[in-house]
There are 6 protein chains.
Amino acid sequence: MFRHQKELQFEVKVDRPDPMLARQVQEVLGGQFGEMTVMMQYLFQGFNCRGEEKYKDMLMDIGTEEIGHVEMLCSLISQLLDGASPEDQAEAAKDPATAAIMGGINPQHLLVSGLGGLPTNSNGVPWNGSYIVASGNLLADMRSNLHAESQGRLQVARLYHMTKDEGVRATFRKMLARDRYHQYQWMAAISELEEKNGVVVPASFPPEAEMESQSEAYEFWNLSEGEESSDGPWATGSAPDGTGEFVYVAKPVPKGQIPNPKIPGAELHHDLDGKAVLK
Amino acid sequence: MFRHQKELQFEVKVDRPDPMLARQVQEVLGGQFGEMTVMMQYLFQGFNCRGEEKYKDMLMDIGTEEIGHVEMLCSLISQLLDGASPEDQAEAAKDPATAAIMGGINPQHLLVSGLGGLPTNSNGVPWNGSYIVASGNLLADMRSNLHAESQGRLQVARLYHMTKDEGVRATFRKMLARDRYHQYQWMAAISELEEKNGVVVPASFPPEAEMESQSEAYEFWNLSEGEESSDGPWATGSAPDGTGEFVYVAKPVPKGQIPNPKIPGAELHHDLDGKAVLK
Amino acid sequence: MFRHQKELQFEVKVDRPDPMLARQVQEVLGGQFGEMTVMMQYLFQGFNCRGEEKYKDMLMDIGTEEIGHVEMLCSLISQLLDGASPEDQAEAAKDPATAAIMGGINPQHLLVSGLGGLPTNSNGVPWNGSYIVASGNLLADMRSNLHAESQGRLQVARLYHMTKDEGVRATFRKMLARDRYHQYQWMAAISELEEKNGVVVPASFPPEAEMESQSEAYEFWNLSEGEESSDGPWATGSAPDGTGEFVYVAKPVPKGQIPNPKIPGAELHHDLDGKAVLK
Amino acid sequence: MFRHQKELQFEVKVDRPDPMLARQVQEVLGGQFGEMTVMMQYLFQGFNCRGEEKYKDMLMDIGTEEIGHVEMLCSLISQLLDGASPEDQAEAAKDPATAAIMGGINPQHLLVSGLGGLPTNSNGVPWNGSYIVASGNLLADMRSNLHAESQGRLQVARLYHMTKDEGVRATFRKMLARDRYHQYQWMAAISELEEKNGVVVPASFPPEAEMESQSEAYEFWNLSEGEESSDGPWATGSAPDGTGEFVYVAKPVPKGQIPNPKIPGAELHHDLDGKAVLK
Amino acid sequence: MFRHQKELQFEVKVDRPDPMLARQVQEVLGGQFGEMTVMMQYLFQGFNCRGEEKYKDMLMDIGTEEIGHVEMLCSLISQLLDGASPEDQAEAAKDPATAAIMGGINPQHLLVSGLGGLPTNSNGVPWNGSYIVASGNLLADMRSNLHAESQGRLQVARLYHMTKDEGVRATFRKMLARDRYHQYQWMAAISELEEKNGVVVPASFPPEAEMESQSEAYEFWNLSEGEESSDGPWATGSAPDGTGEFVYVAKPVPKGQIPNPKIPGAELHHDLDGKAVLK
Amino acid sequence: MFRHQKELQFEVKVDRPDPMLARQVQEVLGGQFGEMTVMMQYLFQGFNCRGEEKYKDMLMDIGTEEIGHVEMLCSLISQLLDGASPEDQAEAAKDPATAAIMGGINPQHLLVSGLGGLPTNSNGVPWNGSYIVASGNLLADMRSNLHAESQGRLQVARLYHMTKDEGVRATFRKMLARDRYHQYQWMAAISELEEKNGVVVPASFPPEAEMESQSEAYEFWNLSEGEESSDGPWATGSAPDGTGEFVYVAKPVPKGQIPNPKIPGAELHHDLDGKAVLK
């Protein structure tokens, strides 16, 4: 069960409205790697977590924090949209430069939300559940979390340069700091899990010959012209878990025969022989 | 530019048809973490890659390999669907156990593809472009790649137990091996990049006070009841890059005031005062 | 079966082209609450209607009217796009103010529809079937209809202020009037149904103790800090149907224990114990 | 900012696993009218709320409650999936009746979530942001909320009959009770707002002649054969707000001329005259 | 403007309910090539049509017919679902064979539509606007129409074999006949347009050297191993419009250099040099 | 299996960056009829092809070519985005005309892809699998291919006029030429198949009376007011395959009775009689 506190996690106060920035900020609210994504991903991972309590608790801590980040971004967007009503727009349209900024407004910020945040990305595509994953395998999911926080911080860093508004930047500084911490957090958890189980997901599918084909587990296949890709730790040396040595296959050849599919029954109407053969 | 060779990368030969398994295998063809995803993700990362040639070459090598994996899975699914024409279905329906299996068939395998693979997941949801990312930041993207291969291998491992068909399992063994190698590959590349740039994405957004808020970059906020989450390397000790010490905030308090949104103009029709005030 | 008449329900005649407005008008054609939505929603409700003929007839009357509204909006958009061909655009780009307006054009109005209406919202997101509902329960569905007409009229009212074009406004005036009438229509139908069946949907799931938990059916749970929410007819007094008295639970406590999920079988590869235990 | 408490709002404890029911329950978790929808809808309405504090507080109370409902349903689904691992499935497949039930399992409950809840509906379609609305107009939004709770309770009532499991039914009884209360809640709030502002949304777009076309605001257009629809309070009598009298137009005629669209420029390549006329 | 007539275009009367067939029939109602698609496609093409009146009239004739097809399929599905209420299901579950059929039911036919048609395909994926096109170029669009009717009739033909119900088959026979006629119709229209304008879309983009690169307009590039593809009218002989001769390029070589992308500015945080270079 | 060659199929070299054009070009990369669509459509048709080898080979040739077109467009877009970093944007914003162009930038080209191509259309809607079809019926699919190449060339032709950049136009000239050839290719293949099997899809569903209703297979139904549609080869004369004569039905009447749906069981809660009748 959850409870809500009226204050925001951090201060959110913009210096002046900027509807074009409001549209851009939607990316980190309702985009592929926005706050809605990490919120829902951590909550679902926490809700579904089976096993050691400390991981479930940690997931619930951070998932709950992220609901508050969605709240902060809605507040940020609302403030950026103040003064973007049609009446103000009409006024602004008299000045070409301002008109350009207004032309970049997301029309749904006026028509659909009436100057509030939307559950969509910066192009208005609705957030959807396939942005998230909760697989039950902790290591797999924490790698997903680390990647989400990496993409998320990258996007906030890019946004940072798209405004000179000190109020907005102050909020971004907090978000950048939290995204930094959250990267650390998942790295630390990943290290712990890798030490326990090994680095390959899933650990419980062992590389014994009868279960996994070992001959292909250490080969780099050079399928794009040129051998620049041979110059890296993925091409030579030992696997990270020391179970084998990498092989750079410079000239790979296929190992499977040409498939020979069967002609389907007449009721599927492939028309392969140009005859009607139905009963 | 690309070229196609008629042979498959590995042998794909099922022992007997199984339309229900065909439906399940769609998950690793056209699902969130299926072969279409890694194929398109690596190709877009490769196409868009700017900077050192060896990374671009590596991305193109593996992206090109994955096109061949989509090809293999289409062949696998086609073979699993042989004998699933309506006529055969009608026959099968006489036996309750077989009818149950047939009842689990994806209707689109008959109606839409005529016994071929579909660009959808195991529930028939079409693959879509928001499954992938190519951000231009190599470390962020390779973390995404490592997570995708982790989820992908996990799903194939689970599928492995859903059939006793030795032909199908032989194909899965190859896929498991390649997914193992690809996890190694991204781990190795990630290590190299982390050594060069540091572990936080993006590295070029420096943790100096005026650009990022340092006070919040090392704190764990305990927002879910209970302190089990204090028992982990994310709660105490140094950050992985040694730039600071973690702080476990057992009783966090909000730092932002209650937001106070402005009343919008009448043309937005919020009806807040129940009066028509339009000009 | 349907028939089409060449004339439009109302006159649609714009004074001058305006591609940016064309983009905005797409919201009320192909958006969440646009004319495509009410058209398809009323038609599906009518097609699927079981029971009293007069409701089915009414749904078919209004569903058929809405097909004509889609037709009117396509005509409106086509007229707003006249003169937005690339050649005209190039000309316009010489003037900054006009360029700004042109910059706001939906690129698909040129590339995809060749100056015609699109089955998408104002951000180009395609209309989809999950915008509508036809549940078989008339009261539930008419509440949905009332809400759709409320949102729809709100959006047209907002659009009204985004143009000074008297031709366009004349069309909006008709739409506003019809949306007013349609709100009345659903209110009237809802009143009739509520009198017959009661106000709770579904009526046929009775509030007897063994079927529904009565203790929770009248409680407001105060889960957000502060008690401002106690000041309203939802917090005190009788339920609208007089079956009970509201209780404001100022300090709610959870009633369920901490869930204790089982450890799943090894074939699901949760890796909880770091051991491979497969057979 | 939010906080999480380890207990559930209500007890959730199933008597026995049932993977087919788990699939069906997904509808009320991640479907169009599931708990994710009301949770996100109320939270966004609350986050974006401008105006009287008591409405914002109420929205936050109920939005916060709904996060806990998502949590409860994830717990319910996890329990229903216990014992549905591939190994158990293989065992079950020996019995035709059980095989039938197993054949109805959602394959993603095994492959993707490893026996946990998914952010999707009962057919596996991911939840998406276009299920919700937060328009800024309180009356419009509360009508949306009433409709969502009506559809939601209807679906839970239908689910109730799809199981005999007393544990599951006990949870449904609580959900039915809360959905009853939430219908009351929105009805009460709607009444209050209608008294203040009038019943038509938006109230601030007044029915004065120059702003809205009055002649069409009270007419029922009989566009479907037959006049059964004349028998209802929408066809005769006064409008709910007494501003006019309804008129049943039994034989409606169009009021708009046949539109006459312009021929577009050659650069749009409509090929209307079969000539290339490009510069 | 449209009008509705109570009768159906053709008789729709099933012999007995069959919920699994109801699920399958959804494909031709709300799938990629279902009746919703042709209905919306022809209506949008008609609404947006500029130029000769006879094409617009023809599009409106057939678009209007297709609304009636959606109506017929909703009626068909409703009848197939009679007797599939939860109570009947429970009864049926006692018999394994029937249970298998019931297990194949679309859960939304119970929970969401209450035994009515849904705006979705056979896997429950909602219909969406990107299934259709109305480009303004008549020849391009009529080719789309011919393809849609071809796929549509193929799917109905496949469905025909999935039931022995004579009532259902009688409806399918009518649909097959109309889909046959509609294929003829588009072929005839296409022939007329090709005679007028030539066979390449768009005709108004002429193959003169300065506008289109002629050297590549007649070459087949053999990019897949093997030369079986040389055996066809696309590889040798004249182009259909006699403007050139086909060339089979057995060993194609790329004509473009290796692209050399620029290093982006530091504010995009590609981290290419591992240094923070922000101002 | 596939291989990649470093060179591009054709030279791609823009004269100067243009972020607004980059956004527009996304339509032919990741839109409904973009290169991702033809690439995936031909590959799936090739992978799933059963029957004569020469068709499979041809499909693989062209599918493989189209992967290279996706590559070319990514290179084009990357070049168009050079110089669109936030820093440059800030500079540009000082000039109103440039600001207008910058205002038209796709925000995801900065935030998400860091100046690279995206798997989306010109409005940012992600590419999805329902854009393509591989039905197993060659004639149906090749008609789909012809239509896709027609729409695709139309869009490139329109794009051609939206830029004066000679480098970009040179690339478009190559694409126009290939789209011309590909239209020829499918026409030629279609002719060959029509000669073999007849012109109606599927050929194997014969027009004999007991399988298809012949009376409706040649009738044009005039359901839109006016008889302009009688003036065309679809209204009079013989069917293209000479199997019958067209009939123009000027005043069509419905042939089906008014459907009479059954009242559903009480467990579906339609509330038709306002009574609770549950057991």
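Residue numbering: from 1, along the chain as shown.
Cβ atoms here come from the backbone N, Cα and C positions, even for glycine.
Lifted from TrEMBL, the feature list:
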- C:E35, C:H69, C:E149, C:H182: Mn(2+) 1 binding site (BINDING)
- C:D57, C:D61, C:N222, C:S224, C:G226: Ca(2+) binding site (BINDING)
- C:E66: Mn(2+) 2 binding site (BINDING)
- C:267-279: compositional bias 'Basic and acidic residues' (COMPBIAS)
- C:226-246: region 'Disordered' (REGION)
- C:258-279: region 'Disordered' (REGION)
Per DSSP, three-state class assigned to C:G226 (Ca(2+) binding site): coil
Pairwise Cα distance for C:N222 (Ca(2+) binding site)/C:E149 (Mn(2+) 1 binding site) [Å, integer]: 31
C:E149 (Mn(2+) 1 binding site) versus binding-site residues C:D57, C:D61, C:S224 - nearest by Cα: C:D61
Those residues of the chain, 6+ apart, with a Cβ under 8 Å from that of C:H69 (Mn(2+) 1 binding site): C:Q9, C:E35, C:V38, C:M39, C:M175, C:R178
Nearest recorded site to C:H182 (Mn(2+) 1 binding site) by CA-CA distance, among binding-site residues C:D57, C:E66, C:G226: C:E66
Close in space, distant in sequence - C:D57 (Ca(2+) binding site), Cβ under 8 Å, 6 or more apart: none
Filtered binding-site residues - C:D61, C:E66, C:H69, C:G226 - keeping only those with Cβ under 8 Å from chain D: C:D61, C:G226
Mn(2+) 1 site shell beyond C:E35, C:H69, C:E149, C:H182, criterion: Cβ within 8 Å of Cβ centroid: C:V38, C:M39, C:I62, C:E65, C:E66, C:A148, C:G152, C:M175, C:R178, C:D179
Of all listed binding-site residues, namely C:D57, C:D61, C:H182, C:N222, those lying near chain A with CB under 8 A: none
Among C:D61, C:E66, C:E149, the one of these binding-site residues whose Cβ has the fewest neighbouring Cβ atoms within 10 Å: C:E66
Integer Å distance between the CA atoms belonging to the residue listed as 'Mn(2+) 2 binding site' and C:G226 (Ca(2+) binding site): 45
For C:G226 (Ca(2+) binding site), the number of other Cβ atoms found within 10 Å of its own Cβ: 17
C:S224 (Ca(2+) binding site) and the residue listed as 'Mn(2+) 2 binding site', Cα-Cα, nearest whole angstrom: 42
Cβ-Cβ distance under 8 Å to C:S224 (Ca(2+) binding site), same chain, at least six residues away: none
